[in-house]
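Have a look at the structure below, then the notes.
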Amino acid sequence: MDNPFQKPHVLMLRYGLLSILAFIVVFPLVWLALASVRPQNEIFQPVSDFGWNTFIPSRFTLDNYRTLLNGDFPLAVKNSTFVALTTVLFGVVVNALAGFAFAVFDFRGKNLLFLLVIVSFMMPFEAIVLPLYVMIRAFGWANSYQALIVPEIANGMVIFLFRQFFASIPRDFYEAARVDGASWFYIFARIAMPLSWPTIATSGLMLFLAQWDSFFWPVVAASDSAYAVVQVAIARNINFEQNDWGGLFASTNLAILLGTIPFLLIQRFYVRTLISGGIK
Amino acid sequence: MQIGRRQFMAGLATTTLLGSIGRAGAQSTTLSAPWMGWPEEQVAPLMAAFEKETGIKVAAERLPIAELFKTLEVRLQARNEIPDVYLVDGPLTASYAARGHLLVLDEMLADDLERFLPSTLVQGTYDEKLYAMPLGTSTQILFYNKKLFAEAGLPEPSADPAKRMTWEEALSIAQALTKPEISQFGIAFENCNPYQLLALPQSWGAEVIGPDQLTAAGYVNGDAMVDAMTWYQELHQTHKVAPVGTFQTGVTQEMFGSGKLAMIVGGTWNLVGFEKFEGLDFGVAPHPYFAKGTPVTPTGSWHIGINPRTAHMEEAKAFVRWLSTRDAMDLWFELRQYPPSLRQIWEERASTNFIDPVWEIVQHELEHTATPRPATPGYREYEDFLKTAMQDINTGADVRATLDRAAQNIDREMRKYR
């Protein structure tokens, strides 16, 4: 018990500080959650009179949620879920294949191509939105699921992650399999991919969240209300001249909760990749 | 493994093929119309009425204001047939027209222009041609909370434009109504946009842009501008009668609605916006002015324009022509109460809607004090930099340095329009 961290007052100080930090991080979220179950006209009152009222609604109501469920929001959730899951499905396969190629094969222009991959995720989206839009229009894809999904499938960051992982697998594995007559695709599908679950989980999550949070591109490329995604539906509660705070808070809450589900499902894998990434 | 030229070409061909298949499938018969993100029930009936009359569908895409402007930039700069028609913010007319994104409407509306209030046509006009038809206009008035005035034993401000309050008077009233212990503020501007705040320097006597409509230096950071904006800053930082950092209409509206704000300078849309606050009893008075200057009120609103590259030119023209009719404008006023741009609506409603003192004030302001924002092709850039500067001034930044920087940035961006 020589560990100085075990002394009671040090412990107290440590947990005290951590509690304060936790409060600062959690409080706005709690307030958001509570605001969504308040009657509309009460949302802002307790902000200025800070006290118990700030935490406890005088009347608990699900009106805001009820209104949401009767409006466009369920459609937006359906759209976002479809778009995000499809992107994950295709994204993992395509990016893993690309990462595998970069890690295993040697071909002319490989370094230049890889540099382009890196540049692609450093590039701010606003810089490419115009040419991308022109291209999507030329394909006749404006206002379609393709417009929302296809540009997001290839993701430089995910290719990079896969490349790093596949490069860490000893080349002997691959060569042994080649000697036994396995095709490269067989090696990819049966040897490399099964080893890379943590990377698949991480990249899947990244792709999912990128789509779940995407806002500007859906607004530009598919603003038809039939293709509205979650973030666009949330933003519809705000306009220049009046805001529907209840709807805004309720929809934000739902978006956060639903967006957390995939993370909770594959949390274990996610943490493991971060750790293994740290050792290398 | 080597990726050969043949494989590469095969991939390229497949991509192209897929693209052209997608293209063949896309055929649209409706007008695409980026629209403001007003609530559905204020947008859909207008489009439905047009469809009923002509059979042409209008797909109004309701977008939040910032995204509406960004989306229009992307789509218009792509220079293709989308959108067919779009909402144009009055002061952006010059910006779109100068870049060839708007069809000249003069010929189409030649016999109709007499029907509009002349001040509403000004903002849709660039280079002496009408590019965007006004769907309405706007003005700003002073709303006050009657209960808070009664509690403080203060007389209510007069609704008569001839007895308009000065800003100096407004400040002393605001001081009497500010109660920091219960977080109650005396006065606030609805938001922090140049649309609303330019009336301050203009009332002080400032010119807010050079005569060529392209010069900011000496105007945006001119002495009168600096003085007026210093006064604005003192309202928040020295006298502390106005809340700091409330840049959005939604927030100030809530403060006024919940009785935490005694006076708010805001647009007529608040008449609808305040309806949701039960028990809020408010009065209206004309926009204050500086004793040393003249009364000035913000104005301008939404217009409609046609993309000259539209593939549905006849339908787009039909839509704009229909919107200019009495029936469409009347319906639009029912849906959203912007001061109408057609004289006829004013006359028809003179004895019903417009007996309210609000509308008497609005009518007076539109005729006498309404001052449009600068008609510069660079208004987008002008507004962006000035808005940020105004927010910084609100939260306590050095006024002159902030405006100097804004002027410098605006001038740099304006170079491309010279």
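Including glycine, each Cβ sits where the backbone N, Cα and C put it.
TrEMBL annotations: computationally assigned, not manually curated.
Noted in TrEMBL for the protein shown:
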- A:12-34: transmembrane segment (TRANSMEM)
- A:77-266: domain 'ABC transmembrane type-1' (DOMAIN)
- A:82-105: transmembrane segment (TRANSMEM)
- A:112-136: transmembrane segment (TRANSMEM)
- A:148-166: transmembrane segment (TRANSMEM)
- A:187-209: transmembrane segment (TRANSMEM)
- A:247-266: transmembrane segment (TRANSMEM)
> Are there residues at least 6 beyond the ends of the transmembrane segment (A:112-136) whose Cβ is under 8 Å from a Cβ of it, and what are they?
Replying inline: 98, 102, 142, 147, 151, 154-157, 159-160, 163, 216-217, 220-221
> Taking pairs 6 or more apart in sequence, does the count of Cβ pairs under 8 Å between the transmembrane segment (A:187-209) and the transmembrane segment (A:12-34) hit 3 or more?
Replying inline: no
> the transmembrane segment (A:148-166): which same-chain residues, six or more beyond its ends, come within Cβ distance under 8 Å?
Replying inline: 79, 83, 86-87, 90-92, 94-96, 98-100, 102-104, 114, 117-122, 132, 136, 141, 192, 196, 199, 202-203, 206-207, 210-211, 214, 217-218, 221-222, 227, 229, 277, 280
